[in-house]
Each structure stands twice: as C-alpha cells, then as structure tokens.
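Here Swiss-Prot flags K83, Y305 as active site, proton acceptor. The substrate binding site feature in Swiss-Prot is assigned to R182, M353. Feature annotation from Swiss-Prot assigns domain 'RPE1 insert' to 28-76. The feature N6-(pyridoxal phosphate)lysine is assigned by Swiss-Prot to K83.
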Amino acid sequence: MSLCTLEINLSAIKANYRLLKNICENSVDFLHNVANKEEFAGNTSPRTAAYTLVREDASLGSTPKLPLGASYAKNLLVGAAVKANSYGLGAIEISKTLLEENCRYFFVASSNEGISLRKAIGDEVNILILNGVFEHDALELIEYNLIPVLNNLNQIKIWQKFSNLKNQLLPCYLHFNTGINRLGLNHNEIEQLINNRDLLKGLNVEYIISHLSASEDSDNPYNLEQLNKFKAYLEYFPNAKASLANSGGIFLGKDYHFNLVRPGAALYGLNPLGSNKPNPMQNPVTLKAPIIHLQNLTYGSRIGYNMTFTTKRDSLIATLPFGYADGFSRNFSNQGTVFINSRNVPIIGRISMDLVNIDVTDLPPSDIFLGQEVEIIGNNCTPDKIADIIGTIGYEILTSLGNRYKRIYT
C-alpha cells in the first residue's frame, strides 16, 4: 500500500459545479462583479459585444440563411468534462457525485473511456466521445449508447455507414472548427454540409459544438472572433442545439453559453480566469507524503543523483516516498516547494523515481519526525501554483498524478 495519500474532496467538486450552474442559470456576469470589487480591481472586461455575422468567403452568401432557434438561455444545461479519468482524480467517483447534482452530460475523449463510464454509472446519462468515431469502435459506440462528436467528413461517413447498417437514426454532435485548429469540421466541410443536407442523412444531429482557444483570457479578442464565427454557422442549422463554453467560456458571459456548457478544469479547482486573476473555485485536491527518513548532513555534503545540490550549512534533510514515477516532474528538482504545518520547505537535489529530498533545517524540532505528513498539493500549494514553478499548467499537474497514490474520497 502506498504511503502517500491523494485526497479528493467531492463536496468541493459539488460546490464548484453549483457555482458554475448558478452563473449560467442566472446569467451572472461574474467578471463584471469581480472587476468592481476593490480587492480584484483591474482591467477585466466581459465579452458582451453584439453578434456580428462573419463569413470566410462569399460562397456561403448564395445559401439562404435560416433563423436561429429558440433562446439559448432557456433550459441551459451544465455538463462535465471527465476525460483523462477526470483529470487524474477519478472519473467514475466524480461522475457519480455529479449525478447527484443532476448532471446528465459527460464528455470523455475516447470510446474506451466512454465504455468504462457507461458500465459504472448506467444508462440515464449522455456520454459524448470527443475524439469521434472510427471504423474499429463504431459498433461499440452503438452497443453502449455513446454519442460521437463528429470532427470531419470522414467520421460523418463512418457514422452514416453504420446508420445504414443498423437501419436506425444515430445520434451525434458536430464539431465546427472556429479557430483552435485541432479537431473539427473546417470551413469547406461545413459549407458542404450546408449545401448538401443528404450528407447528414440517417444522423440525428443533437448539438453543434466548437471549442475556445483562449477562454481563460477574457481580454483576448480571439474569443469574440470565435463566437461570431460560431453564430454565423449556427444560422444554417436552426434545429440543432449549441455548445461552445468550456470552464473559461462560462465566465465570458451569457453570449457564450448557448444550450450546454462543458466545464472541466474549473470543476477540479483549476483557475478558469487565468493565473493573473483570483481563483473563484475551491481546490478539492490534497496530496500528502510522510517523512520516511531523516539525516543530519554537514556543510558541503552533496545530495541526490549527479550531486546537483550541495549543503551550504549543517543541515537536516528529510526524504519523502514519491517521485517522477508518480508523476511528480523532475523539473521540480532544486526549485519545488512543499509545506509542513503551513510552512514552506524547499525541495533539494534531483527528483528521483521514487524519492524526494527536502531541507527541514529551519523548521521547529517539534515539527520534524518520522511519519510527519508533508503537503505536496493542497491549499498552500494548489496545482496552479506549483505548475507556475516549472512553467506548465495545473492540468498537467493533475493528469500526471500517478496510480501508486492511495486515493481517498471525502
């Protein structure tokens, strides 16, 4: 059994979900409210600009425009991105928790993630496969009632092929690329769908979605550019519902919400507003490790692989039982920090596969003993904060959390 414990506070995740739902359901202009508080004063500007139709070329102009559907503000739903095992925290446990909050839309990356989730939480929810459908897994998607997000014409053809094979209308989402340029139907493919609706024959397009590239940066004009492009495309698909906002998109304002929002990072305590603004979310993650070894070293002692740290005084060094095999980046060598009783303690020497050394010389003797718990991740050192130390993001910190930690759900 692992000596290190990873505690996931499900109540905090519930609270985060409720906050996001409240912002959406009540059209709370969170950024405006924050900007007007003295302690958060700054140059925050919510995106409330009027919708402007954007076209990439004149060819769409020859196609008759159709009116947009019913008001998006009505019946707005809050789903959850639980891909990558809920960012390393446990998709099954967290999905069951969100079910208690009436969440019914769960987004995963692949069919195997979707199948595992379906087996665990039953048939009452919608499970969306963001990477879409492929020849090898189409029958499994049908068997387990998983809905693919179709990202290109080839995936549409595959799903249509199996619709014909099964002689049934198959549900799907369409992903329109509005500028992030990863997955998603491109402009030419969307134009083909507009001009030839037979390309979607046999398919029930439930939602049209897109994905924001810089939603955590509320001042980035690219957000509005993507929004306008998305709305322009939606005019030609009046019967489909729409989804655009991820965690950061929720905070950009109601214009970005449409029918369904898809938070992920914010549920798990990561800051949806970027590193330069206060985090409105609760941190649900605590990683602790015990001191398993203590040694007094004299001035000039060298520590760890390749002797990258040399003591500059007589020092008391503690060793902790985790390392890069547990997803704790080697980049924290000689620059990471941990906490003992809310006191900052430096990491020294190279991060090893299974071990980390820390310098506890300056701590009170009463705080230093074998078995003493050390906070690696927690309220003193959130995933976002420790990510900043090595120039990465909190997402990577969470998704790297290894399987050797004993996970405890509270």
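Including glycine, each Cβ sits where the backbone N, Cα and C put it.
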| field | For the recorded positions K83, R182, the one whose C-beta sees the most other C-beta atoms within 10 angstroms | value | K83
| query | How many other Cβ atoms sit within 10 Å of the Cβ of Y305 (active site, proton acceptor)? | reply | 12
| query | Going by C-alpha distance, which of the recorded positions K83, R182, M353 is nearest to Y305 (active site, proton acceptor)? | reply | M353
| field | Model confidence over the domain 'RPE1 insert' (28-76) (mean pLDDT, whole number) | value | 40
| Can you name the residues of this chain that are 6 or more positions from M353 (substrate binding site) yet have a C-beta less than 8 Å from its C-beta? | G323, Y324, A325
